[in-house]
Structures are given as structure tokens and as C-alpha cells.
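J.: First the structure, which I've put down as C-alpha cells, then a few questions once you've had a look.
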Amino acid sequence: MYASREDIGYDFGDDSKVGSKPIKSNPNIDGGWAWMIVLSSFLVHILIMGSQMALGILNMEWLEEFNQSRGLTAWVSSLSMGITLIVGPFIGLFISMCGCRTTAIIGGILNALGWILSAYASNVHYLFLTFGVTAGIGSGMVYLPAVVMVGQYFQKRRALAQGLSTTGTGFGAFLMTALLKYLCTEFGWRNAMFIQGAISLNLCVCGALMRPLSPKDLREKYVVRSDSEENRAKALSHSTETIKSNGVLSEEPDKKEEAANEEVLGSVQHIEIGGKPESGRSMYGLRILKTVSQLTVTVRKGFALWYSSYFGAASLFTNRVFVAFIIWALFAYSSFVIPFIHLPEIVKQYNLSRQDNVFPLTSIIAIVHIFGKVILGIISDLPCISTWNVFLMANFTLVTCILTLPLMQTYVGLAVVCALIGFSSGYFSLMPVVTEDLVGTKHLANAYGIIICANGISALFGPPFAGWIYDITQKYDFSFYIAGLLYMVGIIFLLIQPCIQKKQPREKSAEEAQV
């Protein structure tokens, strides 16, 4: 197994500027303002992911208001959750051009607008556009920067930092459920959504806290990482160089393009200063031209980085382990969402409603999920522990619970399985860490955008597929079995690809030895 991208023998070349001279570490990396980034990400998870997990309250209100089928009404929540994650790759483009802070602030405004406009909905289809699409895109524009910024500010404590920030999902599930239930009871669901929209404007404050690191700070982080992993990198230097030759972005075209852009801006400045325009209108026009030129340079540079990451020579898809990670993500998230959607109905079928009303099974998942994220993050940060191995063990535990859950027909049995589901699903806090280990900090935004996009597809189609299986078999058992088997297929891909990735360099070395 591997613990970092050097162990796999794959590198995107983001440590190319590392030198041997000691550099004074930045106090904001693993400390200082980094903890404000964790706080910001924690609040983002409360306001976005927590709100989405509490949409069952609004779903009941929509059913009574619009008198539509349960399947059609459920698509409002599914669209919001799915689009939040599916737009990840496109949000990576915004981050490349505008940065995390600007992207998050715009997303906060868009999310609040979606909630407020939904308060005036006249039918379910109106909610598809305002809440499903508008609020969903806004949520995605805040969620991805919140995850990426934590990865940028932490090196030694990345897993712990991600674990602490993502516990906001569990806290948010409790807070937002209670808040929406109170608001709907006291003011009605329309006013509740309007108030929630006002609360969502706090996402702009969270975005403002995402102070970007300077290029110098990022280089210092790369130096720290390189020094701590130097021995392993040397051991696999041959395989790393082999893949670098096929996968690293060439810096020379970028430098040539920057030089050309600077030449254009320089000519504009020369005309503005030395040309002595005849009127103030000419000067104003030159300033506009200069501003447009600078904006064009920024957009072209951001788009070039985004495009090259997905389709260029250094495409993320040339990393086989990362491709396997995407396949895993397509099946994994639905296994976590399906219990939240269908457990209440299962409890009703087993005549366990009285016990469930005292302590709901979904609440057990949410509570233990909080501790699972923190504990797994602490364990993964231990020097002798591989983050990848912890990630795989948690996945094996979760898929076992999904396959076992239909066999439990007592409240105690279901409660134990739900507690294990909540704890093992704490591996969500390790996903950004594993992604960064695979592709590097430089490509984290685009790479993690792809992963959460795959999760969004899983969240969008997983619960409706489970409901369709129930309509055919009149049992939820097969829904969990099929979801668990598909989940297992994704885990098998994760196990196979690292072995292939490591085996190929050794085989090549043997052939060269024979020659």
C-alpha cells in the first residue's frame, strides 16, 4: 500500500523548485491563520452539507403544498445535493481564474439567492430551477474552496484538519434539522426558506476568511514535504522520472506566453505614459484597454491550467490510481446516502417506530459520524500509520455494514450497524488528503472537483435507483445488496491499480538489466 504520491511513483512536478537550502517555515502552515481556515470550512459544512441532510423537513412540506408524487418531489433534494458535487470540475475553473476566496463569496450569494427565490415557488418544477440548480451551484462554489484551502494550509496535520472541518456536516444535520423544524412550525415553510437564505449569506463571510497563500508560502510547503519524504522519493526515482516524462506540464510555453502578455501590457503602458493623448477620452480608453488586457491574461492563464489538468499532457486521467479513485467514488457515496433516505421506512416495516422515535437511527449515524471523522483523522496523522491503509479499512468496514444491514430486524442490531456506518464513513475527511497525495497540492482543486463530481452522480441517482428496486421487489434488501456489491467493485479497483502502478517500473528495470 502507499501513503503518498511518491510511493505510487506518480508526480505532477509541483516540487520541481525544491532546493536543498533550509527555508524558514511559514507560521501560517499547520498553525496561525490555518486554524481560521478550519473554522471557515467547519461553518461551510454546517451551512451547506448540514442543511442538505435536513431537507427531509422541507420535503414533507412540499408534499403537502404541491400534492405531487413522492418520487417527483424527492428530485428537488436530490438535484440540490447532486449538483453541489457534480459542478466540482467546473468550479475548479473558477478557482484557477479567480481564487478560492472570490469563488466562495460569489457562491455564497448564489446559494442565498436560491433559498430566497424558492420561498416564492408555485410548483415543484419551479423548485427544480431555484433550489435544485441555483442553490446547488452556489453550494458547490463554496464547498470546493473550503476543502481546497484546508489542504493548502496544512502539511503535517492535514488529516486532522480535514476531520475537524468536515465534522460540521454532523453538527449541521442536528442544528439545521431543529432550526428548519422550528421555522416551519412558527412561520411556515416559505418564510423558513427566506430566513434560511439570509442565514446562508454568512457563507460570504466564510469565503472572506479564505486568505490565499502567497507563491512563496506554497514553495515553502513543498520544501517541507520534500524533505520529509526524500528517502522514499529517492527509492522510487526511476519510476517517478519515467512518468514525469509523460505527464508534467512544460513550463516553457507558459513562460513564453507570460512574456508575450507582459509585452502587450507594456506597450499599452508605454502608449499611456509616453504617447501624450490629445484628450482625456483617449487616456480613459487606454486604461480600459489595459484593464481588459489584464483580465484576458488572467482568464487565459486560469483556463490553460484548468484545461491542461483535465485534457493536456499532464492530464489527471493519466494517473491510473486516480482513475480507479474516480470509479470508486461513483459507487461509494450512494451507500452512505441510501440509509438516510430509506431507514425510516425500514423501521416502519419492522414495527420499530416507537424505539426509533426515542433515538432515531439516522441520528446515531450522524453522531458517530462526527467522532469517526476526528478519530480517523488523528490516527492517519500518526507517523507510523498510512493514510491510505486507514482509508481502505474504513471502506471495508462500511461496505460490510451495508451488506449486513438488511439482515438486522431488531432495533439493537440496527443501532449497532448504524453506529459502525457512522464511524467508518468518517473516511470522508481523508478523501482530500488521499487526493492531494495522489496528484499534489497544485492539482488538488481540479482533482478533488472530479472526485466530488463522481460523488454527486452517485448521490443523484443512488436513492432513486434504490426506490426503483423496491418498487420491483417490494423489499429494501436488494437495494442494499446491489449498492454494497457495486461499492465492493470500486474498492477492488483501488486495490488493483496501485499494484499495477508499482509493478510496471520493476518490470521495465528487469528488461533494461537484460539489455
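Cβ atoms here come from the backbone N, Cα and C positions, even for glycine.
TrEMBL: automatically predicted annotations, no manual curation.
Feature list, courtesy of TrEMBL:
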TRANSMEM  33-55  transmembrane segment
DOMAIN    37-502  domain 'Major facilitator superfamily (MFS) profile'
TRANSMEM  75-95  transmembrane segment
TRANSMEM  102-120  transmembrane segment
TRANSMEM  126-148  transmembrane segment
TRANSMEM  160-180  transmembrane segment
TRANSMEM  192-210  transmembrane segment
TRANSMEM  321-341  transmembrane segment
TRANSMEM  361-379  transmembrane segment
TRANSMEM  386-405  transmembrane segment
TRANSMEM  411-434  transmembrane segment
TRANSMEM  446-466  transmembrane segment
TRANSMEM  478-496  transmembrane segment
J.: What residues elsewhere in the chain lie close to the transmembrane segment (446-466), defined as a C-beta under 8 angstroms and at least 6 residues from its ends?
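T.: Apart from its flanks, the transmembrane segment (446-466) reaches 71, 74-75, 78-79, 81-92, 96, 143-144, 147-148, 151, 306, 309-310, 316, 322, 325-327, 329-335, 337-338, 341-342, 431-432, 435-436, 438-439, 476, 479-480, 483.
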J.: Count the Cβ pairs between the transmembrane segment (386-405) and the transmembrane segment (478-496) that lie under 8 angstroms and are 6 or more residues apart in sequence, then report whether there are at least 3.
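T.: By the criterion, they touch.
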J.: With the transmembrane segment (126-148) as the reference, find which of 160-180, 192-210, 321-341, 478-496 contributes the most Cβ pairs under 8 Å.
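T.: Answer, by Cβ pair count: 192-210.
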J.: Any chance you could find the range in 102-120, 321-341, 361-379, 411-434, 478-496 with the most Cβ pairs under 8 Å to the transmembrane segment (160-180)?
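T.: Stretch with maximum Cβ contacts: 361-379.
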J.: Same chain, outside the transmembrane segment (411-434) by at least 6, Cβ under 8 Å from its Cβ: which residues?
T.: 147-148, 150-151, 158-159, 162-163, 165-167, 169, 325, 336, 339, 343, 346-347, 352, 355-356, 359, 361-362, 364-369, 371-377, 380, 387-388, 390-391, 394-395, 397-398, 401-402, 404-405, 444, 448, 451
J.: Most CB pairs under 8 Å with the transmembrane segment (321-341): which of 192-210, 361-379, 478-496?
T.: 478-496
